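Data first, discussion second: the structure below is written as structure tokens.
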Amino acid sequence: MEQLAQDYIIWNADPTLISFAGLDIRWYGALFAVAYLLGYQLIHWIYQREGRDTQSLERLSLYLVIGTIVGARLGHCLFYDPAYYLSHPLKIFAIWEGGLASHGGGVGVMLALYLYQRRMAESYLWLLDRFAIPTALAGVFIRLGNLFNSEIYGDATSLPWAIVFKRVDNLPRHPAQLYEAIAYAVIFLLLLYLYRQDKGSKSPGFLFAVFLVAAFSARFAIEFVKQQQAAYTTGLWLNTGQMLSIPFILMGSVLLYLALRSGRESS
């Protein structure tokens, strides 16, 4: 990045990290892989810390990868451009063309953990609490991947930290990807701190509830300065991303209340 005379930052990164033998490895995919590897190491540490068997983590990881990708892809197709994908259903499988939605990915993760706990007789809330931590960390890397793709950028602004995305246009814009990455980094550190304080053990569902409320409240707020992502308008003052965030915030609020009440009753 370099500074323009008017003090705006120019961003013109190549989305491709490396090309080899006709194969392009993109920054987004590489950062997604980093998120997975770091998340795996983190959850492995959590399992060891609590004396849990780590042998099942490879199977669980497969559930999560499939759940995340399928959920995120279907979320994008059904929530953000349903007219196109219902008219071209085979395009739903063209993941390499881009198009993943975090709301759908969140549902996919929850469903994957539910199916896993049914087979392995694990506590669903225990899993949700622990996996909320690496999920927040993954959000950081995914939004950095969006930055390298010059996508999910914000509205035009004259604020001093605005960024000109040269692959889009010459307007200084809110770096909405960085706003979300920073928010998820803070949420990750908060969840890790609460976990080390044994909040997850004392109040089942507490960590997951904090994640839902914090992550989707941040998403809701940042959407106000983000460019429209859906291929249609809602006709309301809320956009698609905000409307999809509301159920997660409400679910998290109810779960937070129940977790805190359960914690008080057991203490």
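Heads up, residue numbers simply count up from 1 along the chain you see.
From the backbone N, Cα and C atoms, a Cβ is placed for every residue, glycine too.
Heads up, TrEMBL stuff is auto-annotated, nobody curated it.
In TrEMBL this protein carries:
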TRANSMEM  27-48  transmembrane segment
TRANSMEM  60-81  transmembrane segment
TRANSMEM  93-116  transmembrane segment
TRANSMEM  123-142  transmembrane segment
TRANSMEM  176-194  transmembrane segment
TRANSMEM  206-222  transmembrane segment
TRANSMEM  242-260  transmembrane segment
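For the transmembrane segment (242-260), the list of distant contacts is 79, 101, 103, 106, 203-206, 208-213, 215-217, 219-220, 223, 234, 236: same-chain residues at least six beyond its ends, Cβ to Cβ under 8 Å. Under the criterion of 3 or more C-beta pairs below 8 Å, with sequence separation of 6 or more, the transmembrane segment (206-222) and the transmembrane segment (27-48) do not qualify as touching, having fewer than 3 such pairs. When the stretches 93-116, 123-142, 176-194 are ranked by Cβ pairs under 8 Å to the transmembrane segment (27-48), first place goes to 123-142.
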